[in-house]
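The feature compositional bias 'Basic and acidic residues' is assigned by Swiss-Prot to 529-542, 599-611. Among the features that Swiss-Prot reports, compositional bias 'Low complexity' is placed at 574-591. The phosphothreonine annotation in Swiss-Prot covers THR173 and rests on sequence analysis. Summarising the annotation, Swiss-Prot assigns region 'Disordered' to 525-548, 573-611.
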Amino acid sequence: MSKVIGIDLGTTNSCVAVLEGDEPKVIQNPEGARTTPSVVAFKNGETQVGEVAKRQAITNPNTVQSIKRHMGTDYKVDIEGKSYTPQEISAMVLQNLKNTAESYLGDKVDKAVITVPAYFNDAERQATKDAGKIAGLEVERIINEPTAAALAYGLDKTDQDQKVLVFDLGGGTFDVSILELGDGVFEVLSTAGDNKLGGDDFDQVIIDYLVSEFKKENGVDLSQDKMALQRLKDAAEKAKKDLSGVSQTQISLPFISAGESGPLHLEISLTRSKFEELADSLIRRTMEPTRQALKDAGLSTSEIDEVILVGGSTRIPAVQEAVKKEIGKDPHKGVNPDEVVAMGAAIQGGVITGDVKDVVLLDVTPLSLGIEIMGGRMNTLIERNTTIPTSKSQVYSTAADNQPAVDIHVLQGERPMASDNKTLGRFQLTDIPPAPRGVPQIEVTFDIDKNGIVNVTAKDLGTNKEQNITIQSSSALSDEEIDRMVKDAEENAEADKKRREEVDLRNEADSLVFQVEKTITDLGDNISEEDKSNAESKKDALKSALEGQDIEDIKAKKEELEKVIQDLSAKVYQQAQQAQQQAQDGAQQTQNDSNVEDAEFKEVNDDEDKK
């Protein structure tokens, strides 16, 4: 079975890992980084993803960041006259990670385990699955981020019984889950969280502070200037990271705006204590779900054996201190908060392929599920923190005499009134035979699969007529839309590939022109006028082709010039060899001459010898 990669699709950064042997390995992207910014930029018809997209966020208005916050909604991004759904933007990030994995493995990748915040509802999970499909990935499993982190942490500790609290504060979401680990079983006891709280919010309090201070000093509101705001965002993110290691940082943004007297510069010193004061309400917001998770699991803080911190925002010292104070123990420092989720997803991929044995993952549904009943109330069928997959049925009846149909309004949430909860979908069971109210027996069944995705069935027990629905929220995509987006993604990938090839070809051709000019100059009188003229002619032909748009012509002219330069190089090489041979022959002759010694001779008189 082919490899199943693990992907942490994050709000600000994403990460991809694969199981090698028994160990999960994080795959570096082409820039050599282990995480990739979840940023997509559109420029001159080209799509760019990752660091290259993030770098142009200040100057390019067609840059999309933190799209994960809009998953499962009907939000759209309008770029260059075209609308993109959050699923399509996320698919571009996933496709980039898929390409990274394929380059590393040297093989096609089409299966993945993708993580989501534990507190993601059904619509958000379905949107994530759709994004994977658009990117050309078969999503084998959607698992919760804290659960994935616990898998990576506990893989080599299967012989120990532990209760672990995972505190996951990412770029845009916050989750806390409590798991019980033992004998290879990873059982989630409870989960809680806040889908609208993350590192972006910590950046925002710094941005608001900088805007306020600058306005006080200069009377200019930077929040109305889009380009200034992006510079502030980058500076705030950097300052937040700096303050995890130092107690004070300098924020310097020259020419941030202009006033009547000329350009204005922002120079502010931000201390860690000031940042902690600004972020205090956000940190306190993380404590309520933590207490809720403990309460739902029926545990006290003293029963927690280990605390695992996940997500880049847990590097903030005040966050670590708050967790330590609440739970009463130091957090575990043995995992990388940016990479541990992707590693856990890769382990789950190994479980699916059979490469990891004796590991069982028992996850839970984060929110209660039910339907609307008389009086606008919500009747819960499946309580939150129920282990999945699961199924639950309940029998209802009609509210009026001879009622021909019933509306099933499917809800997710914890509030008693239907209107205060999230609507997952609506459908109708029709053709109910005429009968007094309360007589028809309508059985409603909720089924949640291992990915946390809901299927609902309504059945008239009198006629056995059945109607079912796989929940499709208002933001969900139809199969036709997904197929169209898959096709678009493939075409874009092909177009991007062609564009890259064209850029590479033009760069190679430019380089060749320069090389030929240099070679002709260096050789001087060592080449014949005929060869020189031929090379010049082919070089000029290539330069002329480069000014046009005919790629095939550039390719042909480049090949012609390459042949000329090869022939020229061969001739020069032969000349050099001949010259070297002649030099060696001359040196040998000189040496032979110098080896002839002048001999002394004496004239011999034969007559005298005979005497």
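Positions of Cβ are set from backbone N, Cα and C atoms, glycine also.
For the compositional bias 'Basic and acidic residues' (529-542), the number of residues in each DSSP class (helix H, G, I; strand E, B; coil) is 14 helix, 0 strand, 0 coil. THR173 (phosphothreonine) falls outside any helix or strand according to DSSP and counts as coil. Close to the residue listed as 'phosphothreonine' in the fold, though at least 6 residues off in sequence, lie THR11, LYS68, ARG69, PRO117, TYR119, PHE120, GLY193, ASP194, ASN195, LYS196, LEU197, GLY198, each with a CB less than 8 Å from its CB.
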